[in-house]
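Quick look at what TrEMBL annotates:
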DOMAIN    3-198  domain 'Mannitol dehydrogenase N-terminal'
BINDING   4, 5, 6, 7, 8, 9, 10, 11, 12, 13, 14, 15  NAD(+) binding site
DOMAIN    205-327  domain 'Mannitol dehydrogenase C-terminal'
């Protein structure tokens, strides 16, 4: 059985990344500072996922354990030294805080003579997440360890997409997720291309797929949340029952389509179908997704390279309409 070290035992980590890894018969060591979650993982070595669709089926994720990196950093380093894959789902702002541990894990692999190639996948809502993490990891590597990493450790970027709403349960490991998921990994930066996961798409050039996801799902979701909040809605499902909001979301996605077609030559009908799927996902009656969750961290989401400003800039450069993205 292959072994994964996954940073982030939150809802995305357990409900998405853990689900895919488990379906590939990969044992997962979750790294987190949430003591209750880590203790439960080590006590039960399994947890349940509920899929938010008709019948609400349950999935059991097995062969899991946990390490509290605040209390046991040496155990994390040891786990990385023998891992087959490393993944993260902790949020872009937290990546720098795990860089030193990953660097020490790489040094431990070198010291142990473990020359088996390994890939580190930052599964975050950002463009170039794995490469960003690599730049942080490099700060802690000696010249020899950096040379080792450049030969044996890949940091291929990834695009991930699954709605996992904010939720609380009596069972700290139980998590509800939408049925849709998409995980795309770029092959050009992989060091271990023979280790591929079923359920993950592999593409040589990831950037078109990252932008398709970020500009469609993230921009559409944020538009739903901010416009819905303006009209007093509390959940995304409630938001999209308001024709004014739905029309705004559809108009924004129309502008996004024009950018994606102009920039990446996506097929127009394929994008129309993709955007219909996105709206259907937002309207899932089995998911109660709080407007405040989707709207949180607005300063980051209004960043220069984020879901509103970047497509606005690029549409303007191409003299294409961006009036709906630029809500007045």
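These residue numbers are counts, starting from 1, taken along the chain as shown.
Yeah, the Cβs are placed from backbone N, Cα and C, and that goes for glycine too.
For the domain 'Mannitol dehydrogenase C-terminal' (205-327), the mean pLDDT of the prediction comes to 95. Most Cβ neighbours within 10 Å among the binding-site residues 6, 14: this distinction goes to 14. Residues within less than 8 Å, Cβ to Cβ, of residue 4 (NAD(+) binding site) and separated from it by at least 6 positions along the same chain comprise 21, 26, 27, 28, 29, 83, 84, 85, 86, 87. Mapped onto DSSP classes, the domain 'Mannitol dehydrogenase C-terminal' (205-327) shows 83 helix, 2 strand, 38 coil.
The most densely surrounded of the binding-site residues 8, 10, judged by C-beta neighbours within 10 angstroms, is 8. Around the Cβ of residue 12 (NAD(+) binding site), the number of neighbouring Cβ atoms within 10 Å comes to 23.
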